[in-house]
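Engineer: Following this message is one structure expressed as structure tokens.
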């Protein structure tokens, strides 16, 4: 939150001029500039322009070996080169909006202007033209620049006699030492025109190397080129400088290494002996051309002074490094995040990193304006607005899902959903005596998820069952059992009442409450759910040590004492002398009975010994393989491999597309790797068990629950009370998860639909109640994982520039496919039975840890363990004292601990009420922290923002009243004074214009 005090920032004349230039309204942004610098070099008897560096965002130079590009790095310029560049533009030729269609014509126009202005002698016309029209050798070509075809043309032409006029002209250049016998055919066709083919050695059309250049993938489609030509010649006694902006971008043949039309051209030719200085000036103008602010100035400049003002503004922002404390040979790596030029374009820049979070409504992650969650005067106004907002996007919600990234997202979320369905179904079966079990969990997940993703306002949300719902089901079943009430019928009426209550919340636009859910509430809730995922995954793994204990008592030195024998049953017991043979055995006779006295009991297997009534004796009879150790290997291996492959797209190995593909399919590759390892080892680790028959878990119940007939009539009305608790639980869980999904950091462009989401959750509550299926609500962690798996990044990022986050692939297809696959999982049981449960628990662990990334609360917790000098440069640390940050974090930790203790007890059913309690705690923090501090570490509540606006309005009214008391005479004096100052500034600008 900014202070209300107006601060006057001193403005330089250059900044004032740029504000006037860039202040013009222009809806079309300027194209991205690709800048190439070529230097004039002599190779044997030939002159050529050789590419030495290029810029898209950062500089790449041709290494000294000449066969490879350097790594992209930040351009480091000498201050002297910038001043020399400024002088060059002041004294050289500046041509703006030149109608150019070819390089010879452009060169002819430049030379003609310099001759007319007396800057160039007419007898140097053809020499300058000859040099500027030499061919360009780009880095994409092989070092041997002359192809066999060119050499064949030279030799095949035979000995030709060159005209004496041509020879005299060429001899005066003192550049080429051409043999009379090997004079090429092109030179013999020389005529007196400056743009003749003899003078033009550059190709007019694009070459195959240019068209096939893979570097085009790094350049945006609408990009234009800026060419810089620098070199030294021995026939000039002063520099030849020209800056040209073409009226329309034109493709100038082989001038640029990529098939990009040229818009700007900078030429610097000078006397010999200053090649290094010319090269530095060329690098300076090339760096300026890719600067966001200067490129805008170059496009909109009206005269020479505008360009010089752009350089002056650049000099105002230049940071000088002392030469004794820094090695100029060091190449600075490109930063991970590059600040935009918006602050430099604003004269009143704060020159600070970051911005305050603002109000809860603005930074709470909403993709639309405040009208999304405001209270409407008409009935169901919010619901109709959500439908109106989402309907135009409905077709694109399907065809935008056809992308290879969607496949990895479906596989990832599918495995998470079925694991959660199996776990929750098993617990629910134990809590309700199998009235609801794994089969009901699978069917309910498939039905609810598919319908929600098809028609909801935010299809990226994944529905699932939650812990508070499980506790409510358990308490409800125990209450029904103790009071002789039919559980399924009572549950049906609770679902009907809850559905009606959800409809009332939708009709009255109760989602308005999310305006008060600040970062404090969001991060507390999402952190709790993330920690629950992490702890549950670890608890399930630790429980394996109880079923498959590690053999800690094994002593290798006593291996000879370990044995297990099968002893025959005691003959004194009342046992028959023969037992029926239930299965073939190597000891069986042809008859269907056998005599146990004929068996060699010492050779029987463990199963056969137990089967025929024998007893196992020995200290190794209870040996169990180290399945717990193997399970932990699968568990942590899946998690570690997923994390490593997810970060693989930032590595330096393999091409970009392959790295991104590996990153997208990281979870699938990790699962398949450790499933294969489990099959290779062959141990009987716990596997995924999926129902194979489509029937209710409990045989005495059907798929339809009847609403009448088993309970007294008053139960139908009294169920309104527990339904109210369920509604609060669903409303808070659903809306907080939706706020986290719709936060502005995800850059969702299709908007949200809080009212529409709640409407369909209410409908599914009633449907699932009639079918006897579990109730479902938004799952925070799985929804965050769904969004992370669908994040999009820019493909044509400049070399050295990190790919820009573009947003999320918003569509309905992935969610629908996930839940359809969940429904047909009963037919995939033969395949799914090979997946070990520890592998899926590793996926759960990854989901929990990954959802913590990007949470400011988690970053602030880590600050407790960091000395101040090692703390990251977070924006809030620049504006809020560290002790205040620690105090705010401590309050969040205490709230999180209370919620954790609460969810671990029977009181977990009050969990949604405690979420409402977080809103109360946040309101109380206004009395402890200033609004300035809260604006940086949290959000400003809407009420505070309104008070601030009223205060501003009141201040303005008071100011107006004071101004009226001063009288119109003072106002007139001020106006006259301002007009004089403005006219004086304009007069100064007019005097600076070239005459």
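For all residues, glycine too, the Cβ spot is worked out from N, Cα and C.
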Engineer: Looking at the ranges 813-832, 933-952, 953-972, 973-992, which is given as transmembrane segment in TrEMBL?
Structural biologist: 813-832
Engineer: Looking at the ranges 449-472, 521-544, 545-568, which is given as transmembrane segment in TrEMBL?
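Structural biologist: Here TrEMBL associates transmembrane segment with the stretch 449-472.
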Engineer: In TrEMBL, which of 753-777, 778-802 is labelled transmembrane segment?
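Structural biologist: That would be 753-777, the stretch labelled transmembrane segment in TrEMBL.
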Engineer: Does the transmembrane segment (449-472) come near the transmembrane segment (627-645), with 3+ Cβ pairs under 8 Å (pairs 6 or more apart)?
Structural biologist: no
Engineer: How about the transmembrane segment (839-858) with the transmembrane segment (665-682) - do they touch, taking at least 3 C-beta pairs under 8 Å (6 or more apart in sequence) as contact?
Structural biologist: yes
Engineer: So what's near the transmembrane segment (713-732) in sequence-distant terms, Cβ-Cβ under 8 Å and 6+ beyond its ends?
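Structural biologist: The answer is 468-469, 472, 476, 485, 489-490, 493-498, 501-502, 505, 510, 707, 758, 761, 765, 775, 777, 909, 911-913, 915-916.
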Engineer: Quick test of the contact rule: Cβ under 8 Å, at least six residues beyond the ends. What residues does that give for the transmembrane segment (890-921)?
Structural biologist: 467-468, 471-472, 475, 513, 516-517, 520-521, 523-525, 527-528, 531-532, 725, 728-729, 731-733, 736, 857, 860-861
Engineer: Should anything in the same chain at least six residues away from the transmembrane segment (665-682) have a Cβ under 8 Å from its Cβ atoms, list it; otherwise answer none.
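Structural biologist: Beyond its ends, the transmembrane segment (665-682) has Cβ neighbours at 407-408, 411-412, 415, 630, 634, 637-638, 641-642, 644-646, 648, 834-836, 839, 842-843, 846.
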